There are 4 protein chains.
Amino acid sequence: MLSSRKKYIVNGNSGIKTQIQFADQKQEFNKRPTKIGRRSLSRSISQSSTDSYSSAASYTDSSDDETSPRDKQQKNSKGSSDFCVKNIKQAEFGRREIEIAEQEMPALMALRKRAQGEKPLAGAKIVGCTHITAQTAVLMETLGALGAQCRWAACNIYSTLNEVAAALAESGFPVFAWKGESEDDFWWCIDRCVNVEGWQPNMILDDGGDLTHWIYKKYPNMFKKIKGIVEESVTGVHRLYQLSKAGKLCVPAMNVNDSVTKQKFDNLYCCRESILDGLKRTTDMMFGGKQVVVCGYGEVGKGCCAALKAMGSIVYVTEIDPICALQACMDGFRLVKLNEVIRQVDIVITCTGNKNVVTREHLDRMKNSCIVCNMGHSNTEIDVASLRTPELTWERVRSQVDHVIWPDGKRIVLLAEGRLLNLSCSTVPTFVLSITATTQALALIELYNAPEGRYKQDVYLLPKKMDEYVASLHLPTFDAHLTELTDEQAKYLGLNKNGPFKPNYYRY
Amino acid sequence: MLSSRKKYIVNGNSGIKTQIQFADQKQEFNKRPTKIGRRSLSRSISQSSTDSYSSAASYTDSSDDETSPRDKQQKNSKGSSDFCVKNIKQAEFGRREIEIAEQEMPALMALRKRAQGEKPLAGAKIVGCTHITAQTAVLMETLGALGAQCRWAACNIYSTLNEVAAALAESGFPVFAWKGESEDDFWWCIDRCVNVEGWQPNMILDDGGDLTHWIYKKYPNMFKKIKGIVEESVTGVHRLYQLSKAGKLCVPAMNVNDSVTKQKFDNLYCCRESILDGLKRTTDMMFGGKQVVVCGYGEVGKGCCAALKAMGSIVYVTEIDPICALQACMDGFRLVKLNEVIRQVDIVITCTGNKNVVTREHLDRMKNSCIVCNMGHSNTEIDVASLRTPELTWERVRSQVDHVIWPDGKRIVLLAEGRLLNLSCSTVPTFVLSITATTQALALIELYNAPEGRYKQDVYLLPKKMDEYVASLHLPTFDAHLTELTDEQAKYLGLNKNGPFKPNYYRY
Amino acid sequence: MLSSRKKYIVNGNSGIKTQIQFADQKQEFNKRPTKIGRRSLSRSISQSSTDSYSSAASYTDSSDDETSPRDKQQKNSKGSSDFCVKNIKQAEFGRREIEIAEQEMPALMALRKRAQGEKPLAGAKIVGCTHITAQTAVLMETLGALGAQCRWAACNIYSTLNEVAAALAESGFPVFAWKGESEDDFWWCIDRCVNVEGWQPNMILDDGGDLTHWIYKKYPNMFKKIKGIVEESVTGVHRLYQLSKAGKLCVPAMNVNDSVTKQKFDNLYCCRESILDGLKRTTDMMFGGKQVVVCGYGEVGKGCCAALKAMGSIVYVTEIDPICALQACMDGFRLVKLNEVIRQVDIVITCTGNKNVVTREHLDRMKNSCIVCNMGHSNTEIDVASLRTPELTWERVRSQVDHVIWPDGKRIVLLAEGRLLNLSCSTVPTFVLSITATTQALALIELYNAPEGRYKQDVYLLPKKMDEYVASLHLPTFDAHLTELTDEQAKYLGLNKNGPFKPNYYRY
Amino acid sequence: MLSSRKKYIVNGNSGIKTQIQFADQKQEFNKRPTKIGRRSLSRSISQSSTDSYSSAASYTDSSDDETSPRDKQQKNSKGSSDFCVKNIKQAEFGRREIEIAEQEMPALMALRKRAQGEKPLAGAKIVGCTHITAQTAVLMETLGALGAQCRWAACNIYSTLNEVAAALAESGFPVFAWKGESEDDFWWCIDRCVNVEGWQPNMILDDGGDLTHWIYKKYPNMFKKIKGIVEESVTGVHRLYQLSKAGKLCVPAMNVNDSVTKQKFDNLYCCRESILDGLKRTTDMMFGGKQVVVCGYGEVGKGCCAALKAMGSIVYVTEIDPICALQACMDGFRLVKLNEVIRQVDIVITCTGNKNVVTREHLDRMKNSCIVCNMGHSNTEIDVASLRTPELTWERVRSQVDHVIWPDGKRIVLLAEGRLLNLSCSTVPTFVLSITATTQALALIELYNAPEGRYKQDVYLLPKKMDEYVASLHLPTFDAHLTELTDEQAKYLGLNKNGPFKPNYYRY
C-alpha cells in the first residue's frame, strides 16, 4: 500500500509554503501522500559530539542492536513495560539531553510553571505522533505536568533519538519509537499508541497526518470522544483542509503551522541564518563578492537575500508575484528572469515551493563551479532527475555535496541532491523548536478547554491572542520588556489591555 | 457646526494604523470628526524652487489676490466658466508641473494607454474630493482618458496648488479649489461639485469622507444612482466602517487604504527614507552614534528603525504587542520600556497610532538637546499640551523646530509641534503617490464595472488581483522582469498563471 | 592679479583626496591657485530659519547695507574699533548662535576647561584666516581662553556670518570679515589682521593658504617670529608641500587635513549621511530600487555606497585601483566600467578626485531623468563644460537643480552644476566641525609648545597621540566608555597606557 | 631544548595584530618562542568528507602506520627517494585535491601562465617551511613552473596533509613532512631540506621563523648566498624585526603579513564570515536578538561586529584606543567597559591581541549559558587557566565545546578552550589562502630579481605596486572590471597609469 521508498526520504521536504495548494496531490486521504517532513530537526548534542557520541555509542553498538525492539523484553525501573524503544538503558544519557533542552526552552518551562497549578490538561488523553527529540520530550513532559496523559509514536522512521525515547520510557511515558524503523514498524508503533485496552485518546497531536489517517482508517469510532486535532506540518494541514472540503472532518482541527510566530521563525528568521550555515558547512565558500540568484522572494527568500547581502554577496531575485517582486526591488535586489543571470552567478538558491524552477537547460548554462541548492519545498524545485543521464558524471566529494561533471569538464556543485539545504546541512536552533512546541501546547489547551460550540468540525488558525501569548513567553529570553497600555490608551485604541492587539488581516 | 479650528490643522495626522479602532471617536457620522490628513502631500516643484517659485509668485502676488475666487469672473480659453480657482492665468505653469509628474507616474500613464481603447469608465460620472496636486491632476486626466466625466473639490483648505487647479480648469475639468479656503468656502466648493443641473454623479472618490458626508446629509437621494465609493484615508475608511456597522451604508465602498502595495509604500518604504530626511532638514544632526528610541514597531517603526540602524544609530524599541516585540528582538533592537532609556537617548520617535505615548513625565526626564518627534498618527502621540505651561519657555528656532526650555536651562527640541514629521518636514516621493493614484483608478474601474451582486452595501478591500496589478504596473520603473509560471507549474501550484498568487491571509 | 571669477566659486570644491598630487596645478606659490573651499560649511540656524532669519533680516536689510563696512565707523560696547564687520549691532543675535554651537561642541568646551588653568597658549599671537561661523567663534574663544591673542579674517568672500562676526567683535576679537566682500576687500581684511602696529603674530591658522601666501609675499620677515603654521585644507596643504619641496618653507607646518579622525569624519561618516540628504533635498527622489553607479571607492565612495545600499538602491562601483576594487567586491558591489551600466542607471555619483570621469559621451548615453552629481573633488569630475553647447537646453527647475534637455526630449538632472553636492545641497553637522576645530586647537598647542628641534622647516602630520586625544574628547558625546589597559597588559603589548596605541602605518 | 608541550598547541594562535610589540617575549632568537600558528588552515576535502575520507583512510589506516616515515624506504614512480612522507601511495588522492585547489586559486594559476615564459625564478633555490596543504602545493608547483627549485618542510607537526605531501613527492618535490611528527622529527625534516650535498638554498620562504632560526643556528654561512627571506606569520615577522633591531639580520627580509590585501582578507573579510560559522558549528545557536560583547574594534572586531549586527544581534564593543572607539560609535555600537554588560550578554568574543581581557572575575559574573570565545590572538585573551580550579567542573559536550560549571549550577560555554575560534572551529576559504600564496610568490620574485642595493639588511613591506598586483589578479574571480586612467587623467593626478595609485600612508 505504501511505497517504502518514500519512507526513506528522510530530510526530503519542508512545509513552508502554506499558501500553496498542491493541486497535483489530489489523492484522497486514504492514499497516503509522500511523507513530508519538517524543518524542525535539531541536531542533538549527542549526535554531533565526538566525545559524547562515543559514550552513547557504547550502548548503541552493543550486540542486541541486531534484535528488533519489538522482539525485546524491556522494563523501566518502575517495572513498566508499556513502551517500545531501542534500549531502555540509554535513559540516563537521554535525560541529560532533555535537561539541556529544558534550559533552552524557557517558554515551555514558564508555561509549565504558570499552568501547573490549574492543570488545564487534567483529564486530557493525548496521543502524539511527532519527531522524537529532546525538544519533543520537553513538550511531552510539559503536557504531563499540565495534567495530561500521553502516548507517543514517531512521525519519521529515522529521526528518533533512541536515548531520548529511552529517557521518556523510563519516566513512565508510553513511547513507541526507534531510529531505523521499518515501514511495518512505523504503523505498528502508531497502533500501539492508539489501540490500548482501557485507554482512549481524546486529543491528537500530529505532524504529517499519519496518526490522524490511521485512526480514520482503523478506529473511526474513536473520533466520537476526540475533542480536537492539533497539526503542525504543511502536509498534514493540507490533508485536513481536503478532509474539511470533502465534509469528512468530524472534529475541530487546529492548524498551528500558519500561526504568525511560527511562520516568521520557521521561515524568515531561521533561514536568514541557516542559508549561511548550510552553504558554509558544505562548501567552505566565501560569500563576499559572490553573485547569487535567489528564486522566490517569500519569507524564506527574504531571509536568504538579507543574509547574503549582509555578507557582501551580490544578489539577484526571481519572482512570479508582482507584489513580492516590488518588495525585492525596494529591498535593493535586481529582479530578473533566471535566464538573464544563469551564466554569471556563482550560486543558485531556490525558495519557491514550486517545481522545476531550475531546469536541465539552466543547469547546462551555468558556469563551472556554480553551486545549486534548495531552501524551499520538498525536492521538486531543482530538476535533479534531469541530471541522471549517462553523459554526466556524478562525484560525491563530501557528505551532501555532489559534483556533477559535464563532458567538457564543467562541474556544478549540487547540495543535498536538491533536497532542503537547511534541513540536510544545517540545524534548527532550539529557540525555533521552542516556539513550535509552545504553540502546540497552547493549541492543545485551547481545543481541550474550549466551550462547546466555539469550534466546529473545521480547520482553525490559532487564535491571535494565543499567538501573542507564545511570543510573550519568549520575550524573557531577550530580556525584552513589553510596554503595557494605560486604561486611557486602551480605551482610545478600543483594545483590551491584554490583547489581541491586531486585526486578523494585519501583516506584521 | 464645524469647528474651524480643526480645519487649520493642515498637516495634522497620518492614517497609518488602519487596524486600530478609534474608540473615543464614536461620533456619529453627521458629526464631522477631526479632519485627518494624509501622508501623501508631495512637495511641488514650484513650491520649493526659488527660481520657478518667483515666476509662480508673479501670478500669486498679483493684486487680485485680495478678491475671493468666489467673487471673480473667470473663463478658460474655451469660454467655460464651470470652475472656481485662484487664477486661471496660472494654467500654463501648472501644465508644466503636470507634465513633469506624468514622467514620474509611468504606471498611470501605462494604464491610460492600456485601457484607453476600451474606455472602461465610459459613462462614469465621478465626483472627487482629494488634495489637488500635480499627481492628482495626472489621475484625473487618466480617468478622463478612460471615459469618465469628473468634478472635483479639495479635501484640505491649504493643500491645493493653485496653478495645477488652473491648468485643470483650463483643460475643461470643473475644479473648485484654491489654497486658503475658508471653512465656508470648503463646503461651498464641495457643493458646487455635486449640486449641478443636468449632471448627477455615479461614482465617488473621497479622501477623508467629507464629500461622502455632504451627500449623505444634503442629497441622500443621490445615492440611488451611485455605484460605489472609493475612499483612501484612514479617517474616511473608519467612518465608512461605522456607517456599515450602523447599517447605514447604502452603496458598496472600496477601502483602498489597506491594499498591500499602498500600505507597504506609504508606511515601510516611505518612512524608511522620510525619517532621515525629516530629521536632517530640521536639525542637520548626524545620525552616527546617536541613541534613539522608537516607540512602536509596526510598518512605520520598522522603516524608521532600519534606516537609523543603517546610519549607525543605536536604536531601542518599545512595543505593546508581543509579536511585534519579538520581531524587534530578532531584527536586533533592544526592547525596552520608555522609562528605561528616556534619560540617555538623543532622539525619541513615536510611531504607535496611540495617544500620550510620550508624557510630560518623560519629557521632564529627557536629557538636554533631546529631539522629540512623531512619525505615527495624528498629533496625539506626544503630549504637547503638557508643555504649554508657564514654567517652560518655547523658542522657535526654525520653521517646524521649537526649543522648549526648562527652568534649569535644559532644552528639548520639538519637531513640527508633535505633528507628523514626515508630512511636515519631508516630502512624499511621487512614486508613492503613483501607487496610491493607480490603486484609486483601478478601484473605480472595478466598482464601476462589477457585475450586479459582486459587491453589496459593505466596505471591501481591493481584490488581490488588482493589488497585484498595481504592483506589476510599477515594475518597469525598476527595469524588473517578472517570471511567468509554466502551465505545468501553475497546475502544480493550483494557481491561475495571471494570479492572484497568494491567499488573502498571506502576510508579505 | 587674481581672477575675481574664481572668488565667486563659493562652494566650489572639496579637499578630500589628500593623497592626490595635482600635477597640473604646478603653479608657483605666488600665483594664487583656484581658491578651494572646504566641506565644512555648516548651515547656520539663522540662515535657514524663517523665524530667526526675519529678525536677523531686520538688521541686514537696514539702510546702511549700501555702505561698505570699510567706510563705516563702528565701536563695540567697550569702545574698541579694532575690527571691521557688517554691523556691530547684530552682536546679540550672533552670540546666541555661538551659545548654541557651544552646546554641540563639547570637545572644544572640555578642552577649554581642561587646559584653562595652565594656559598653554599664553603668549601666543595667532592670526587666523578661516570661514567665520558660529563654530569658528567657539574655536576662537577657546584659543582665547587658553591664553592666546587672536586676529581673524575670512577665507571666503561669501561664507562669513555677519552676526557671528559682530558678536566676536563685541567680545573684543579683532575680526575683519563680512559676507560679500570684494576681491579687494578680501586682501584688505587679511592685511588688517597682519599689519598692526605693536602686534606681531607668532602662529598662523590658515584654511586655503591665502593668509600664509600674503605674509610670504608682503611681510616675509614676519616668519622669523612665527613658530608654526596650522593648515587644514587640501589646497593649502598642497601649497605647503610644494613650498617644502622647493626648499622655501621657513617654519614648521602642521597638516591637520590628514589626521585620521578628521579624514574619517569629513569623508566616510559625513558623506554616508550627506549623499542621502543632498539627493533628497534637491530631487525628493525615492532611493529604494534605484540603480546607482558610484565612481570611486575611496572613503567618500565607501560612505555613499553603504548609505544607498542600506536604503535599497542597487549600487555599481567603478575604480582604477585594484585594492579598492577588491574592497568594493567584498562589500557586495559589482565592479564595472562606467560604459557597461551608463544606459541603465538612475543616478551617477562621482567620488574620484579625478577629472572628466563623466564625459559628454557618457551623458549622451544616459537614460531620461538620470541624475548626475559630484561628491568628490572640485568641479572637475563631471565634464559640465561639454554640456554648454547650443543643441542642449538648460532649464533651472530648482535652486541647485538643472534639467539639461537633449534635442529628442531626453532630460538629465544635473545637481549643483557639477560642484560638490554635499557642500552645495546639504549641511555639515556641527559634530564634524567640532572634530576639525579641536584638531586645529591641538595642533596650535603642539606647535606652540614643542621644544626646540622637535619640528623642522617641514610639513608634519598631527602626532598620533593628539589624533587619539581629539577622538577621546568626542567620546563623551556618545556616552562611550573607554577601557584602560592594566599595567600588565600595557607591558605585554609594549604600549604606554595613555597611547599612542597604534603604529603610524595602522589603517583603521 | 624545546618544550614539547608547545608543539602540541596546534591551533594555538593567530597572527593578526601585527602592530603589537610582544614586550614580554623578549627572548633571544635562539630561544624558540611559543610556536605561533596561522589562521590559514583550510579544511581539506578529504578530512571533512565522509565518503572521500574513507577512501583516504584505507591508506592511512594501513598497517605500516606504526612505522615512522623516517624508517621507511619509499621511492616515487621516477625512482627518486629524496623525500620523506607518510605514504607515497597516497599520491593519486592528493593530486586530486591539488587539482581542486587549482580551480579555486585562479590568481596563482594566472601568475603561472603570465610569468612562465620569462621564468622569473630561474636559478632560484627556495627552501620552504609552511603548512603543507593542497593550497601550498599549488604555490610550490607555481614556483616550480616559474623556474625555481624547491625543498620543503612543514611548519607545524600536525597540519600536514599526508596525501598532498605524497603527491608532491611523486611529482619530484623533495618534501619532508607528515602529520604527527615528533619534536625531533620536526627539526630533522627541516634539516633534511637545508643540509643537502650539492644544493644550497638562495631564498627562504618561512612561516613562523623556525626554518630561518635553524639556518641561523646551524648553518650561518649559508646566508652568504641567500638573497632574501619571505616571512608570513606575525611571530616570524616579530622575530625578524628583533633580529634587525639587534643588528643581526644579514639578508633582506620581506614582511608579507602586513600587506594591505592580506590584512584585509585575513582579518576583516574572513572574520566577518568565520565568526558566524564558528559559532554555528559549535553551538547551533540563533544569532537574532542575542546580546554580544566584542572586545576590540580592530579589523577582526569590525568584521565580527558587522556580521553579528547583520544577523540581528545586539552588539556592544570595548576598546582601549579612542580612535577605534569612535569608529565603533559611528558604526552603531555602544562602547562600554566589559564590566558594564558582562552580566547581561549571551556571548563574549575577544579580538584584542591582548592578554587577560576576560578574567576570572568576568567569568564569575557571566550569566548562565553565556558563550565565551576568542577570535583574536594566541590563547591569551581569555584567562582560561583561572578556570582550572577545583570548585569548577569541566564537561566536554562536543568537540571544541566545554561547559564550565560553577558550584551553583551556572554553566558557561567555552569554545576551543580559549584558542582561536576561527582556526579551530571554522575553515579558511581557499580564496583567502590564494591571496596569501600569491603574495608570497610575488615577494619571492621581487626579492630574487631586485637589483643590487634596492633592499638592504632590513625588514621590508611588500611594495605597494605588488600589493595592487595581487589584488588585480583576484578581480577576475568576481568578474570585476577595472577602469583605466586616460593619459590626461593620469597626468592630472600625477600618477602612473599602472599604479601605484596611493601613497604609502593611505588607509583604505
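Placement of Cβ uses the backbone N, Cα and C atoms for every residue, glycine included.
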Need one residue: from C:E181, C:E183, C:E232, the one TrEMBL lists with C:T133, C:D207, C:K262, C:D266 for substrate. C:E232
Checking TrEMBL, the member of C:N195, C:N202, C:N221, C:N422 that binds NAD(+) with C:G298, C:E299, C:V300, C:G301, C:K302, C:G303, C:E319 is C:N422
Limited to the domain 'S-adenosyl-L-homocysteine hydrolase NAD binding' (C:267-428), I'd like the whole-number average of pLDDT. 95
Around the Cβ of C:G301 (NAD(+) binding site), the count of other Cβ atoms that are within 10 Å: 30
Rounded distance in angstrom between the Cα atoms of C:G301 (NAD(+) binding site) and C:D266 (substrate binding site): 12
Interface-adjacent binding-site residues, chosen from C:E232, C:K302, C:G303, C:E319, C:N422 when a CB lies under 8 A of chain D: C:E319
Using CB atoms and a 10 A radius, I'd like the single residue among the binding-site residues C:T133, C:N422 with the highest neighbour count. C:N422
Once the chains shown are all counted, how many other Cβ atoms turn up within 10 Å of the Cβ of C:K302 (NAD(+) binding site)? 24
Within 10 Å of C:E299 (NAD(+) binding site) (Cα-Cα), which of the binding-site residues C:T133, C:D207, C:E232, C:K262, C:D266? C:D266
Looking only at the binding-site residues C:T133, C:D207, C:E232, C:K262, C:D266, C:N422 (NAD(+) binding site) has its closest CA neighbour at C:D266
Here the binding-site residues are C:T133, C:E232, C:D266, and the Cα closest to that of C:E319 (NAD(+) binding site) is found at C:D266
Closest to C:V300 (NAD(+) binding site): which of the binding-site residues C:T133, C:D207, C:E232, C:K262, C:D266, going by Cα position? C:D266
C:G298 (NAD(+) binding site) sits from C:D207 (substrate binding site) (Cα to Cα, rounded, in Å) at a distance of 23
Whole-number Å value for how far C:K302 (NAD(+) binding site) lies from C:K262 (substrate binding site) (Cα to Cα): 16
Return only the integer: C-alpha distance in Å from C:G303 (NAD(+) binding site) to C:T133 (substrate binding site). 26
Between C:K302 (NAD(+) binding site) and C:D266 (substrate binding site): CA-CA distance (Å): 13
Spacing of the two Cα atoms, C:T133 (substrate binding site) and C:G298 (NAD(+) binding site), in whole angstrom, works out to 29
